[in-house]
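This report refers to the structure that appears directly beneath it.
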Amino acid sequence: MRVVLLASGVLCLLAGQVLSICSPVDYTLYVEKPECDFCVAINTTICMGFCYSLDPNVVGPAVKRLAVQRGCTYQAVEYRTAELPGCPPHVDPRFSYPVALHCTCRACDPARDECTHRASADGDRCSKPLLLHMHAYPGQSNHIQTL
């Protein structure tokens, strides 16, 4: 009997992982500053994927407790800094960006997460000449573990 319960528990844990496919994926940011001469493409990772959600069609206070609204968000993130080329001396050429290390499914907390994002219809575009190779400062690590 204990073996059956243990096997059932393990299967439930595995099913939860299968139903929630949320992981870091490659993403390219296009960054430019008005004062600088170039736009740069920065390769990073973001959290993306499917998280199990449940939104009942019935209205009422008791039903609200049944709703499960979770999104794919950062569990561990590291911030890196790139230096934008072609900036005049009075302009700070540094740009910091997040790199997703681990992702998780959880309810959005507006105090710590960006809960909504409206992408432009055109996608990312540069208004200046594009430089394709950007590297973070060597040896930099600003690892932040969140729970």
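Including glycine, each Cβ sits where the backbone N, Cα and C put it.
Database features, via Swiss-Prot:
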SIGNAL    1-20  signal peptide
DISULFID  Cys22-Cys72  disulfide bond
DISULFID  Cys36-Cys87  disulfide bond
DISULFID  Cys39-Cys126  disulfide bond
CARBOHYD  Asn43  N-linked glycosylation site
DISULFID  Cys47-Cys103  disulfide bond
DISULFID  Cys51-Cys105  disulfide bond
DISULFID  Cys108-Cys115  disulfide bond
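This view paints the features noted in Swiss-Prot onto the structure.
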residue: Cys22; record: disulfide bond; DSSP (3 states): strand
residue: Cys36; record: disulfide bond; DSSP (3 states): coil
residue: Cys47; record: disulfide bond; DSSP (3 states): strand
residue: Cys72; record: disulfide bond; DSSP (3 states): strand
residue: Cys87; record: disulfide bond; DSSP (3 states): coil
residue: Cys103; record: disulfide bond; DSSP (3 states): strand
residue: Cys126; record: disulfide bond; DSSP (3 states): coil
- Task: Give me the Cα-Cα distance between Cys103 (disulfide bond) and Cys22 (disulfide bond), rounded to a whole Å.
- Result: 6
- Query: So what sits near Cys126 (disulfide bond) in its own chain, CB-to-CB under 8 Å and at least six residues off in sequence?
  - Reply: Tyr30, Glu32, Cys39
- Query: Of all the disulfide-bonded residues given, Cys39, Cys47, which residue's CB has the most CB neighbours within 10 A?
  - Reply: Cys47
- Compare the C-alpha of Cys47 (disulfide bond) with the C-alpha of each of the disulfide-bonded residues Cys36, Cys72, Cys87, Cys108, and give the closest one. Cys72
- Note on the structure: Going by C-beta under 8 A and a gap of 6 or more residues, the same-chain neighbours of Cys22 (disulfide bond) are Cys47, Met48, Gly49, Phe50, Cys51, Cys72, Cys103, Thr104, Cys105
- Minimum Cβ neighbour count within 10 Å among the disulfide-bonded residues Cys36, Cys51, Cys72, Cys108: which residue? Cys108
- Out of the recorded positions Cys36, Asn43, Cys87, give me the one sitting nearest to Cys108 (disulfide bond) by CA distance. Asn43
